[in-house]
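One structure is given here, and the rest of the page talks about it.
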Ligand code: G3H
Ligand code: 13P
Ligand code: ZN
C-alpha cells in the first residue's frame, strides 16, 4: 500500500455518514500511537503535518515515519499539510511526496483567498494531489497566527459556491464555532456550534466534503492528569463529542484533532514523572505517552467519528 489521497475516503465517508480523523503528527511516538489504534479497528487515516511540525521534526523524517506506518499497518493513509499559508510551502510538500495540502487563505480577502487557492489547486491537481481550502476564520492559535475571538468569523454560506467553483478545491474547511487549542469556550458557558451554517453550506454544496478544524474535545481526564501531577492549566472546555458525532453524520468528512493528543501525551508524562521522579530513560516515559495516544485515538475512531471498519 502506498500513500493515498483523501478522495475515496471522503466519498465513502459522505455516503456512510461518518468522518475521517485527521490527526497532527510531530514525532515517532505520536505516529505510532495513532496508527496502532487505527490498525486495531481497521480505520482509514489522515496524518497531518503543520509547518511548525515540519520545522520541528524535518520533512524527510516525518515522511519516512508515515511510510513506516504504512508498511506496519497496511492501512490507507493520506499525508496532508495542515494550514499551509503560502504557495511555496504547499509546493514544497507536494514536491516532497504529500498527497494532500491545505492552503489556508482565510486571513486574506475573499478575492485574494480565491486567487491563492486557485494557484495551489492548479499545481497540486497536475501532480495528483488534493487540496483543502478554508472560508471563515477560527479563533485560537495555529503556528504564527493568533486569531482573537473578536477577529474570528463564521463562514458565510452565500460565498461557498463561488469559492469552490472558482478555486476547484477538493474539500472546504468552514468556521462554525470551533477554535484551535485547549480553551475553546469560556468556563461556565455552554458550548455551541452553528449547525445552521453547516446545513446551509451542505444545501449549497451537495455531496461536497466539509472539514472541521479545532475539533478536540479537551478530555477532562487528561486535563486532570496534568493538573493532578504538578500542572497548572486553567479551566479548559472543548467540543462535546455528541456535536462531533452530529457533524460527522452531516457533510463533515474530516475532523481535525491535535490538542487532545498533546494533552494525552503531556498528562501521561507528568504522571509518570510524579510517580518515578528518579527515572531518566526516555523510553520509560514515552511508552505510556504512546499508549495514552493510542487509547484516545481508538476511542475517537470508534465512538466519535464512526470510521472503524472502513479501511
Ligand atoms: O491547527 C493547528 C494545529 O494544532 C497545529 O499546531 O501549528 O502548533 O503545530 P502547530
Ligand atoms: P484542535 O486544537 O482542536 O486539536 O484543532 C486541531 C486542528 O484544527 C489542526 O488543524
Ligand atoms: Zn486547524
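From the backbone N, Cα and C atoms, a Cβ is placed for every residue, glycine too.
According to TrEMBL, 83, 180 bind Zn(2+) 1; the candidate from 108, 125, 213 that the record adds to this site is 213. Under the three-state DSSP scheme, residue 213 (Zn(2+) 1 binding site) falls in the coil class. In this structure the C-alpha atoms belonging to residue 83 (Zn(2+) 1 binding site) and residue 134 (Zn(2+) 2 binding site) are separated by 9 Å. Closeness to ligand 3 is met by 213, these being the binding-site residues among 104, 134, 213 whose Cβ falls under 6 Å from the molecule.
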